[in-house]
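Enquirer: What TrEMBL lists as transmembrane segment is 45-69, 90-107, 113-135, 198-220, 226-246, 350-372, 392-411, 432-452, 472-491, 512-536, 556-578.
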Amino acid sequence: MACLEVCKEGKLKEEQEEACTQDGSVDWHGRPAIKAKSGQWTAGIIILLNQGLATLAFFGVGVNLVLFLTRVLGQNNAEAANNVSKWTGTVYIFSLVGAFLSDSYWGRYKTCAIFQVIFVIGLVSLSLSSYLFLIRPRGCGNQEMPCGSHSGLEITLFYLSINLVALGNGGYQPNIATFGADQFDEDDPKEGHSKVAFFSYFYLALNLGSLFSNTILGYFEDEGMWALGFWVSAGSALAALVLFLAGTTRYRHFKPSGNPLSRFSQVLVAAIRKCSVDMPPDVDELYDIDGNDSSMNGNRKILHTDEFKFLDRAAYISTRDVKEQKKGTHSMWRLCPVTQVEEVKCVLRLLPIWLCTIIYSVVFTQMASLFVEQGAAMKTTVSNFRIPPASMSSFDILSVALFIFLYRRVLDPLVARIKKKGSRGLTELQRMGIGLVIAIMAMVSAGIVECYRLKHADKDCMHCEGSSSLSIFWQVPQYAFIGASEVFMYVGQLEFFNAQTPDGLKSFGSALCMTSISLGNYVSSLLVTMVMKISTEDHMPGWIPGNLNKGHLDRFYFLLAGLTTIDLIVYIACARWYKSIKLEGKTAENIDDQVSFKL
């Protein structure tokens, strides 16, 4: 009888263990997360809805910001395009701040909640300042009536507000993507498949959220109802925050792993201190710790790789290290475990791939600036209805939705059948390469449209909005190409950086995607400045003057197509060189199939 009771207790204990997640996630109370009561699509859908509402709020400001700067604040086209690029870049620079706080100290849930509060405060401040100070006289800011001048204090309040919006959205974005992926246990086959699907649906939610902003809000703001558009954005951000908090007890969490900067510094210092030692040929002699060690914070062990061999010196066990271990005075600044060394290697391997995505982001950012200005100079009327130029980005969103469906339901299964049995479809690296190819096509398309727009334009116009007889619908192909490229590039990036960063740096992986967009905006601003400086010599109007009919915006688009082609060649070389992270318990075949660039 006693033996039977022991067997029952053992079976009960085994069933309880099976009911918990295997990836180390915990519930709200810090206990191992139970699969049936936490995470999965219940939490995932809450996060997708939250993302859609937050994106609606953000693009309610961002999509027409270039027109707000020209019509309300009186800036010229080049200055407004530069300021939008800088502001968008600032949004994504703040993603590094959010990722650092999340991975190091706060955890993803707390970080998301705090930065969403800042986001709401920024939008409310922007709505109030616009309504009370900037939209004067009332009804100004549309196509016919520009607004009057503003005091330095009013301008300062405006920039303070939009930078609060940038801080709130920037700190929130990389963490919400990773937090959503946390709701699925990748060690469970079914949930692992759902985790891959989540990134596609996350990007779809992002685009569907911006659809309302680009159409309805874009129309009202284009008609001069800026305050209404900003208040709707503030309300949407508040609803997103309330929804996010409502799901608190359902979420799965991962404990923060401490300051990654100190871990990286320890590896570099320890390796430099042992730069003169003779390394053993057997990697088994390097220092490592058990995967269940408390210092791992529940993170999985990373296996040794052969790249960046100099860093392996940080894990070399010297005679002094042996003595210190016996005394219990072991210093991480002299001896680091292999997993910690491999963390640094993982980040170093990611950097070339990441750098190659920046030029793509230069292409992507044109959609919010020069595409809008180009559209404003085209025929924007159908019968008596005027199409807001910014609303053309709706075709980008529709393209994203279409190509996510085509990729997941048609292309990916087709490629998987063509490749060897049991393998996946296109890898993340292959998809990112395809994204670059489509981005080149987008710039060529935009340049050709601009050539034809100039042929049908009135070059002597005073107010040149709508001065070309070429319909704005000729912009549809360039927006559609950008949307298709996003599905391959940005969704691929989200999956790639989430999969290839160590467990303690997942938010940092998502922040790399955001920072790529940030630097793309800054590079775009720099390119515009350089092009204008060079092309305006000898008193020429330049490629991107205030009157686009006297410029050559087409040449700028073709320049971007050329730069992206060079970037594609460099990217292919980097992708073929890249070696995947090796986690304990995953086979080399699965790893190679996941990230290989070769077909």
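Positions of Cβ are set from backbone N, Cα and C atoms, glycine also.
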Enquirer: Same chain only, please: residues at least 6 beyond the ends of the transmembrane segment (432-452) with a C-beta under 8 Å from a C-beta of the stretch. Say none if there are none.
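Expert: Those are 353, 357, 360, 363-364, 366, 371, 374, 426, 470, 474-475, 477-478, 481-482, 484-490, 492-493, 496, 553-555, 557-558, 560-561, 564-565, 567-568, 571-572, 575, 597, in sequence order.
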Enquirer: Residue list, the transmembrane segment (472-491) vs rest of chain: Cβ under 8 Å, 6 or more residues beyond ends.
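Expert: Those are 199-200, 203, 207, 357, 360, 363-364, 367, 371, 374-375, 378-380, 387, 389, 392-393, 395-400, 402-404, 407, 431-432, 434-436, 438-439, 441-443, 445-446, 449, 452-453, 513, in sequence order.
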Enquirer: Does the transmembrane segment (113-135) make contact with the transmembrane segment (512-536) through 3 or more Cβ pairs under 8 Å, each pair 6 or more apart in sequence?
Expert: no
Enquirer: Using a Cβ cut-off under 8 Å, which residues of the same chain at least 6 positions beyond either end of the transmembrane segment (350-372) come close to it?
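Expert: Result: 62-67, 80-81, 84-85, 88, 389-390, 392-393, 396, 429, 432, 435-436, 439, 442-443, 446, 475, 478-479, 482, 485-486, 489, 493, 496-497, 500-501, 509, 512-513, 515-521, 523-524, 527, 544, 553, 556-557, 560, 563-564, 567, 570-571, 574-575, 577-578.
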Enquirer: For the transmembrane segment (198-220) and the transmembrane segment (90-107), decide whether they are in contact, meaning at least 3 CB pairs lie under 8 A, counting pairs 6 or more apart in sequence.
Expert: no
Enquirer: Can you work out which residues elsewhere in the same chain, 6+ from the ends of the transmembrane segment (556-578), have a Cβ less than 8 Å from its Cβ atoms?
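Expert: Residues 349, 352-353, 356, 359-360, 362-363, 366, 370, 429, 432-433, 436-437, 439-440, 443-444, 446-447, 450, 527-528, 531, 543-544, 595, 597-598 contact the transmembrane segment (556-578) from elsewhere in the chain.
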Enquirer: Residues sitting near the transmembrane segment (512-536): Cβ under 8 Å, six or more positions beyond its termini, same chain?
Expert: 78, 81-82, 85-86, 88-93, 95-96, 170, 173-174, 350, 354, 357-366, 369, 490, 493-494, 497, 501, 542-544, 552, 556, 559-560
Enquirer: Sort out the residues at least 6 away from either end of the transmembrane segment (392-411), same chain, that have Cβ-Cβ distances under 8 Å to it, and list them.
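Expert: Residues 63, 197, 200, 203-204, 207-208, 210-211, 214-215, 367-368, 371-372, 375, 425-426, 472, 475-476, 479-484, 486-488, 491.
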